[in-house]
Structures are given as structure tokens and as C-alpha cells.
Amino acid sequence: MDAFKGYIASQKIQHSHAPSNDSSINSGHEMHPYGVNRNINAAPADDYYTPYLGLRARLSQTWINRWTVLLLLIIVRLLISLAGIKGDVASAKTEALSACSSVENVGSAMASMPHYLSQGVNSMAAAGITKAVNGMMQMLYMSLTGVEEIVLFVIHMMTSTYMCLITLAITGSLQVAIQMIEDVGAFMNKSIDTITGDMSSGLKSFEDDLNGFLSKINIGGIFGSSTSPPTIDLSSEINKLNSIQIDPTTMDADLAKLNASLPTFEQVQNFTDNIIKLPFEEVKKLVNESMIAYKFDDSVFPVPQKKSLTFCSDNTAIQDFFVGLVKTLDTAKKIILIVLVIAAILACIPMAFREIWGWRVMQIQAALLKSRSYTNEMDILYQAHRPYTSQFGLKLSRRFKGQKNQILARWFIAYATSIPALFVLALGLAGLFTCLCQFIVLKTLEKEIPALTAEVGDFAEHVVKALNNASESWALGANSVINNTNTEINDNVFGWVNTTTGAINETLNVFTDEMTKALNVTFGGTILYKPIMGVFECLVGLKIAGIEKGLTWVSDNAHVEFPEFQPDVFSLGAAASLSNTTADDNFLANPATSTTDEITNAVVKVGKKLEAVIRQEALISTALVAIYFVIVLIGLVHVIIGMCGRDKSRGEGGSAPTPLYRNTDVEAPNQHLPEISREKFGTSGNDGWHQEHMRAGGDPITRMPFGGGDGAADDLPYNGAPAPTYEASIAPTERLGVVPAGRVNTNRGPWVRDEKSRELWEADDMQRRATSSYGHLEGGDEKSSGWGVPPRRI
């Protein structure tokens, strides 16, 4: 802003001062009082038209500065890229609509899958039921035969066991009793025979003796009777006594009769066998007939109707998505273009100030060339041509000690900021910035993709909903058929089982009753009845009760129940795919793609294409930036080698030492005191700005030239150009010390003493101003009291 204000002030002063030409070595330049600046853009009066561009001409071209041009190139690249993106979006829209129609067809086919699958499922279910029923009947037939034989075996085993026990117990007991009775009878008969024989002998003898006695005694004669006495005849009684016999057969007749009447239970077994076999045989006959004739009819299962989905035809979500996507891209394009255009316009403002400042610097350097107060013409031209990088190099070089290191530091900055190097860097940065803008557009595009994915998810939900409805309807009808089949089998097949088990239980009850009846007939009224009934209950009754209990359990559990179909039998996989984390399992996805589905893939391909372009341009731009850093690295290596290497002497082929200032006696006699010296010391030696600042009683702090000091800078006119400003500060009474040539002392500047003559002071002052590009301060004892001249930075 100071430079711009100085330029405006110079325009005003231009009209208040008439131009005057000097015929001296400074011909063509005006002399102005201290502090007055000419219009630095005005050409000399005798050279109004110049072959070079003035400030106004330079300012007229600020709108085509490098940064504005780069931003315009970026705008053009973005316009081309966005035009390509819009074309890709249009193609993606067409592809997405086509894919949506395809997905709609796929969804209709998926929703119609129950129609096609149900026929096969119905046939498979019917075949399964037929095989299951036939297998169950065959198993039932074999089970009936096995149960029949087992029941008969158990009954035979129980009756035979019971028969054997009864025969063993009762027959054995009766035979023992009969044998004992017969033995007792024989013993008694023998004893009676002996007793009766003895008695009959004794009676016979008594009879004979008695009759003899009576015959010898004539009792009638005694009593006057002629009757002979009677005789005693006991033979008949003796015979009767001898005939006494005990018949054992009459004693064990009842036991023999009981022994002969023991039951063999053959009738019971035959009766039971006939009763038990009858239901079994009837059931087996029915099972055989059913096995041959049974076949489940699959036509009783329902068949769902075909479905036709129209979620794309009746829905404008995809159209709305792409319209919104184009609007979003247009909005992003407008925002980016507005920002870039504003940045391109605003870039002209600092470039205008840059031209003003560069023009002033060029005027200063031109003044130095005019006065020939320089030692390095190339350095002066470089500073005039590249004022910014040269000034940056000057500031950087002050951090190094030694004239060679400072020159190498400036050379490194000049090498790194050369026009070709900066051109490569600018291209790389512009490319990266373009990639950034395109990346913003890409993220905007990717941000909209979830909305389309949600719409596609709704499409899938439509398909799954249709599948669920068809599957549930079919499952209800199929389950009704299965339930009817269960009822029919339970009533017709297992009804026979229930009848059979009931008949067997009834038969066992009849068997028990017949056994009890036979035992009552045989042992009723005898002492063996209760033991026999106890044995019967132990051996037969408990086992029959167990068989009846088992048959009752069979009757209670003899039923079949085929599993029913789940309502989501046809939609389970499709519904599960919606919640699956892997995209390849989505039933709407193409197996050859890795995106969620074909519809979103149409938009994703646009993003991938733009991403590939951004990646390619980013690699190219990064390569350009890398090339620039390679250039910088080459310069840095050269500088490091130069700083670390030893300087060659003149005898070794090195360069001659550079003088501190020009030999004015040889090269330019009587020309070492240009206009600037008169401005510095005045025409009489005591009215210049140097004397003004060096007089005692001046300002407590004096501002030194070349800008950047503690306060406002003094102006030093150079043939109409604005003067540089002071940087360091010293008091007017301080004396400057002498600094040996070639020494570097930080960044304060070279200080010289008043041992030199005035002409040497003037020439040295101009020399150091001309060689100010060295950017270092020479000297050791920089400040001392006494009179001195203003310091100069080189």
C-alpha cells in the first residue's frame, strides 16, 4: 500500500514540477528536492515513447497474470470434467432404468417362483407322504404280527407254567395222599385178619369146649327133662369177623376223582388263541389292502398364481434421483466456479501491487545502471528481473557467514525459483487443486448414492413382500391338506390299532375270567382254592395287567402328525439376503459385480470413472511437483558441495578477488559522484541529507536505508525513483568502526569510519549500494562514538 500511495503521490507531483534536463552524465533525469518523487512511470521528455512497458501498460495486463490464468485453466478443466460427468450421469440414468426394468422382470420371476416351485414341492410332498404311509403300514403289519405272536407266546407261557405248577403241586399231593390211604388200608386189613383169625380160633375152641361140656352134663336129666342141651355155634360170627376188610379205593376215591379231573387249560388256550388272532388277522388284512391301494394325490395341494411386479413402472424414484443428482452437480459446479472466478479476479489485486513494486525496484536498478555504481551487472539485472525471489534470497543469505556462503544461498533461491522450475511447480499445484475440486464433486456424487440404494432396497422389499404373500397363501392351503391327511390316517389306520388293542385287552380279560372259572370248578370248596388263586394272580394276573397297560399306552399314542410347511418356505432365502452383509448374496445383485445391485452399479461406475481420472491427474500433478523438488534437491546438493568445498586460489585456477568498489580513477574518472552524492552531501557539502542526519541535535534515532526499520523510512530519490528505506538504527553521535574486508558479521551492514576522504566515502557508498545483492554485513566493531556516515547494507 505504501508503494501504491507513493505512486499516486508521484502522479500529483508530476503536474506541479516542470521537467528539467541536465547535460551531465545524468542527462535525461530531473533534479528534485529531497523527499519529492517524480512520476516513475513517466518517460523522459525526449523519450516519451519507449520500447519497454511502463507501469500503466504493466497494470493493463494484470488480469492475465499467471495465477488468474491458472485459475481460468482450472475452471476450463472443471467445466470439461463436469460436462463429462453429466454425460456419464445421463448414460447411468439410461442404464439404471434399463437395469430397473431387468430387476423388475427378475422380481416378477422371483415373486412367481412359488407358482413354479409349488408344483415340484407338491409332488415331492405327496411322494413323501405316500412313502411314509406305505412304510408305516408295512411296519404296522409286521408290528401286528409280532405283537400277535408275542401275546400268544406270553399267554401260552403263562398257561403252561401255571399248568405245570398245578400238576406238580396238586397231582403230586393227591398221589401221595392216595398212596398213604392205600398203605393204611392194607395195614389195617392185615391187622384185622390177624386179630379176627386169633379171635375165631379162640371162639372155636371155646365153642367146642363149651359144647363138650354141656353134652357131658345132662342138665335136662338133672332137671327131669329128656331134652338135650343146646350147642353153641359161633362160626357165622367168626366168619363175619374174619371177613372184615378195609378197601382203600373207597377211601381215596374222591382224591382219585380229583386227580383225574385236573384241568390241562387246552380249552382255555384254544379259546384265547382264537379270540386274539381274530382282530390281528383282520387288521393285517386291512393293512395289506391299504398298502396296495394307497397313493397320495398331489393335486389336492394348492398352486399359487403368477405375480407381475411394477415397482419400476409405477415409481418415479429413479427419475427423481437422477434429476436431483444433476441439480446437485450443477449446484456444486456453480459454487466451485463462483469461488474460482472470484479468486481469479481477486488475484489481479495483489498482482497489480506486485507490478507497482516491481516497477519501482526496476527504476531503482535502472538508476544504479545509469550511475554505473555497481560491480556485478548480472546481479543488478537479476534483481530487476526477479525482484521477489532476489529479495528473498537476500534475506535468506543474511543467516550465513562468509561471502561465498551467502552467494551460494542466493544462488540456491534463484535456482529453485527459476521460471522453468516455478512453471513446473505451478502446473503440478494447479493439477492437484483441480483434482481437489473434482474430488469434492466425487464426494458429492457418492453422498447421493445411499438414496438410490435405499430405493433399490425398497424394490427388494416389494419382491420379498410378494414372495411372502404367495408363500404364506400356499403354506396355508398345503397345511390344510396335510392336516386332513393326518386325520384320515389316524382314523383309518391307527383306528384299527386302537380297535386291536381294545380287543386284545378284552381278550385278556376274558382269558382271566376263563382261568378263574376253571379254577373255581376244579378247586372250589377245597383247601387248595386260595393257594391256587394266589399262584394264579402271581404268575398270570400281574403279567396280563402289564400287557394291558402297554396296549393301553399304544392305543393312546398311536397317531401320526406330518410336519406342516412354514409360511416363509419360498421367501426365507430372499428375506435373509436383504439383511446379509455381503453384496454378492443379495438376490438382486449380478454375481459378476461387487456392487449392491445393477441399478446402483450404474451410478457407482460414474464415480469409479471420475475416481480413475482424478487418480491419473493426481499422479501426473504429483510427478510434476516431484520433478520440482528433484530440481530443488539438485540445487541443494550443489550448494552443499560448494559450501563444504575449499575455494581455489588464483594460482589453482580460481577467480580473482572481487574489489569492494570500482576503481573510479581508471574506469570512470570524475564520474564517481553522481546525482545521488549531491543529494547526500549537498552542493556545498553541508546541506545534503547526510549532513542533516549526522548533525548533532538531530533525531535521537536515525532510520537507515533499504526498508524494514523501526519506524517510517526516509526517501532517497534516485533520478525520479523512490528511494530505499533504512533498516538498522544508530544514534547520530555514534561512531562507526572499521570492518576488515571480507568479514561477515550477522546482518547489520558494513560500517566505515571517517579515515577515508570524502571522495572515497562517496564512491564506497555507491559501490556498496550497487552490490547490495550480497545480502550480508561486513565488519567487526560495528558501532563507536564519533562522526560517521549512514550505514549501507550490501
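Glycine residues also receive a Cβ, built from the backbone N, Cα and C atoms like all the rest.
In Swiss-Prot this protein carries:
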- 11-27: compositional bias 'Polar residues' (COMPBIAS)
- 756-768: compositional bias 'Basic and acidic residues' (COMPBIAS)
- Asn21: N-linked glycosylation site (CARBOHYD)
- Asn189: N-linked glycosylation site (CARBOHYD)
- Asn259: N-linked glycosylation site (CARBOHYD)
- Asn270: N-linked glycosylation site (CARBOHYD)
- Asn288: N-linked glycosylation site (CARBOHYD)
- Asn469: N-linked glycosylation site (CARBOHYD)
- Asn483: N-linked glycosylation site (CARBOHYD)
- Asn498: N-linked glycosylation site (CARBOHYD)
- Asn505: N-linked glycosylation site (CARBOHYD)
- Asn520: N-linked glycosylation site (CARBOHYD)
- Asn580: N-linked glycosylation site (CARBOHYD)
- 9-30: region 'Disordered' (REGION)
- 756-794: region 'Disordered' (REGION)
- 1-66: topological domain 'Extracellular' (TOPO_DOM)
- 88-149: topological domain 'Cytoplasmic' (TOPO_DOM)
- 171-332: topological domain 'Extracellular' (TOPO_DOM)
- 354-421: topological domain 'Cytoplasmic' (TOPO_DOM)
- 443-622: topological domain 'Extracellular' (TOPO_DOM)
- 644-794: topological domain 'Cytoplasmic' (TOPO_DOM)
- 67-87: transmembrane segment (TRANSMEM)
- 150-170: transmembrane segment (TRANSMEM)
- 333-353: transmembrane segment (TRANSMEM)
- 422-442: transmembrane segment (TRANSMEM)
- 623-643: transmembrane segment (TRANSMEM)
Legend entry - Candidate with the highest Cβ count within 10 Å, taken from the glycosylation sites Asn469, Asn520: Asn469
Inset, instruction - Name the one residue among Asn189, Asn270, Asn288, Asn469 whose Cα is closest in three-dimensional space to that of Asn483 (N-linked glycosylation site); these are the glycosylation sites. - result: Asn469
Inset, instruction - Ten-angstrom check, please: count other Cβ atoms within 10 Å of the Cβ of Asn189 (N-linked glycosylation site), all chains counted. - result: 15
Inset, instruction - Write out how many residues of the topological domain 'Cytoplasmic' (88-149) are helix, how many strand and how many coil, based on DSSP. - result: 61 helix, 0 strand, 1 coil
Inset, instruction - Work out how many Å separate Asn520 (N-linked glycosylation site) and Asn189 (N-linked glycosylation site) at their Cα atoms, rounded off. - result: 37
Legend entry - Cβ packing number for Asn270 (N-linked glycosylation site), 10 Å threshold: 10
Inset, instruction - Please report the number of other Cβ atoms within 10 Å of the Cβ of Asn483 (N-linked glycosylation site). - result: 13
Inset, instruction - Let me know how many other Cβ atoms fall within 10 Å of the Cβ of Asn288 (N-linked glycosylation site). - result: 13
Inset, instruction - Looking only at C-alpha atoms, tell me how far Asn270 (N-linked glycosylation site) is from Asn288 (N-linked glycosylation site), rounded to the nearest Å. - result: 26
Legend entry - Cα distance (Å, whole number) from Asn469 (N-linked glycosylation site) to Asn189 (N-linked glycosylation site): 108
Inset, instruction - Could you state the whole-number distance in Å separating the C-alpha atoms of Asn469 (N-linked glycosylation site) and Asn288 (N-linked glycosylation site)? - result: 42
